[in-house]
Amino acid sequence: MLKKFPNFIQADSKDCGPTCLKIISKYYGKNVNIQELRNYSETTREGSNLLLLSDAAEKIGFRTLGAKLSVVELDEMPMPCILHWNNNHYVVLYEVKKLKFEKIKKKLGRIGFKFDLSLGQVFKVSDPGRGLLEYNKEEFTKSWIGNNATDFTQDGIALLIESTPKFFESEFEQDRKGFGFEMLSKYVLRYKSFLVQLAIGLFASSILQLIIPFLTQSIVDIGIQNQNINFIYLILFAQLFLFAGKTGLELIRSWILLHLSTRINISLISDFFIKLMNLPISFFDVRMTGDIMQRINDHRRIEKILTSSSLNVLFSVINMFVMGGVLAYYNIKIFFVFFVGSILYFGWILLFLERRKDLDYKRFSQVSEEQSKVMELINGMQEIKLHNAEKQKRWGWEYVQARLFKVSIKGLVLEQTQTIGSSVINELKNILIIFLSAKLVIEGEITLGMMLAISSIVGSLNGPIIQIIEFVRELQDAKIALARLSEIHDKEDETDHEFLQTNDVPFNDDIKIDNISYRYLGSDVPVLKNLSLIIPAKKITAIVGTSGSGKTTLMKLLLKFYEPNEGELNIGSTKLKNISQKAWRSNIGTVMQEGFIFSDTIANNIAIGVDKVDKERLAYAADVANIKEYISSLPLGYNSKIGSEGLGMSTGQKQRLLIARAVYKNPEILFFDEATSALDANNEKEIMQKLDIFFKDKTVVVIAHRLSTVMNADQIVVLDKGKIIEIGSHSALVEQKGNYFELVRNQLQLGN
């Protein structure tokens, strides 16, 4: 039997590229960690580009060649290979199967007959989004070439891959299983008292459940047969007592479960947020918001499997053993029928687990994309209305919904097939047990009371079987959720090496930038190129340049958001990377272009990250930012609550609030990125006069376009295409009549 070609379903909506490499690596006998492949291919929220995918393949030991090919040419190429699919996806083509008559055509073609040899072919594809698929020529061409075709070419894009000895000699990191059920056990075991109470309740419920069949039998065999109504009354009272006891135990169990599940869920999500907050900014640059939101929702699955589902299945298993033992005690033949029927029932359900897993990954991908679309619609409503793009954007959301609907339909068909099959097996089992019981009563092997007791036992066992099956499904869902969460928990924190770093920041020393280069993930174009600069301590350095020249990127490197690809950042004799993140950020103040305003009071937005607000510092910060008058006009002053992202405030007011936030912190080093770009001339003039006083004896880096913001700086640096082209004071640079002079002249002309 031929070995099935491997397939892995992508964990995220943009993970198709690295997942294709994982599929091909598995085909050649190696299981490569998906995170390693993501890092090599520099996958971002836009996905992977073919060049970086090729680089990633070569890093793990493959030989690659990117090519534009026709369908006929593709047939002659080595397989498996990666294809650019529908212009927004990657798949693995692993075989082109020819039908029998195609072989005859090929032989005739060699002696001069002409045929289109691709017509009778079947193209076998391993799709990270959909699984193993087969296409005829027309379908294949439409997806591969049709959506990649231009006016100049009708070829499809392929990445040809061949293994080399390096691949087989290399040792790869396996997919990690660190954040698994072993790790999760600590969340449950800390609540041992709750678990003991639940165990006692389960034991008591099982005892009560055990008594019921014998009571049913005694009503018929003793009460009815002996015509003893008093005995029947006694049994009925006993059953009422058992019912009351079971109900009471169920109520207590529900309350305990609520407390337990709530606490576990809070602990799980809290730890997830702790992990998220320890991840570097670069992680959030490459992840879609919807993907992160879906992972937060995944915690519900884990919390459920740790609490209610696991306890219910434990109760069901205990009941199955107890009641199964009673059933065997009554009649071993009936027990055997029940046992075989249950095995068939389980087997039928297990047949569908792998398909359910694939559908769950697809649903995750579509739901995360849908959530991102919804957030985009809500956050971009102003632009949508201004450009009359309501219909276009709604159609974009509806398109995602249509794809989600297709996945839901497949899920429903799978569920119905599973349910119908299991119901047939279950009903046949019950009918056969009733028939055997009736036959045994007629033959005198069991009494009528025993038959009713057997029916009661079988009925009570159907529930636990269904619960166990449901638990298997939920366990699979939880495993999938754990795999997705492990991708986050396995990532390296930005604070992982803090124990090797210093907390002493030499803020009295110059900041030295030594020959640094940097490019963003997923791009092969460097934003900064061999840049060297000294930012003098206790001075103001202004960085100017056209949009896209690398100003903000340089600032983000100085803020330790990213590490340079080449070169070093130093402060005095200390390397910036050797200073801990918390120590560095405690000594710096920032105003970013995209600074965030929280849904909180004005005071808490200015004095962010502190437990107790210093009112004097708060008033001073508001005064420097020229926002004091606005705050005083509000009924609750500093206690006035601002909407999310500064709702209800103008852009200029938000910017002044962000300046006040930096001033309140009163750090030794300040970074301002277009801090006054939204202010009117009068406000800007007043704020800059106050900031000039505040900047005294502080190291300040200012990015700005406005002349009024930078002309008083001690040093002005002009950037262009990631390189320093001019440096000096305002007067010196104007005299040079270079790029800075042109910037000044253009602003003065605009002003006039």
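Heads up, residue numbers simply count up from 1 along the chain you see.
Backbone N, Cα and C define each Cβ position, glycine as well.
Because TrEMBL annotations are produced automatically, they should be read as predictions rather than curated entries.
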Item checked: Annotated range (TrEMBL: transmembrane segment) out of 264-284, 432-452 -> 264-284
Note to self: Quick test of the contact rule: Cβ under 8 Å, at least six residues beyond the ends. What residues does that give for the transmembrane segment (334-353)?
What the structure shows: 324, 327-328, 414, 417-418, 421-422, 425-426, 428-429, 432-433, 436-437, 440, 454, 458, 461, 465, 468-469, 472-473, 476
Note to self: Using Cβ atoms and a strict cutoff of less than 8 Å, what residues sit near the transmembrane segment (194-216) while being 6 or more residues removed from its termini?
What the structure shows: 188, 235, 238-239, 242, 245-246, 249-250, 252-253, 256-257, 259-260, 311, 314-315, 318-319, 322-323, 326, 449, 452-454, 456-457, 460
Next item on the list: Compute the average pLDDT of the predicted model within the domain 'Peptidase C39' (10-151).
Entry: 80
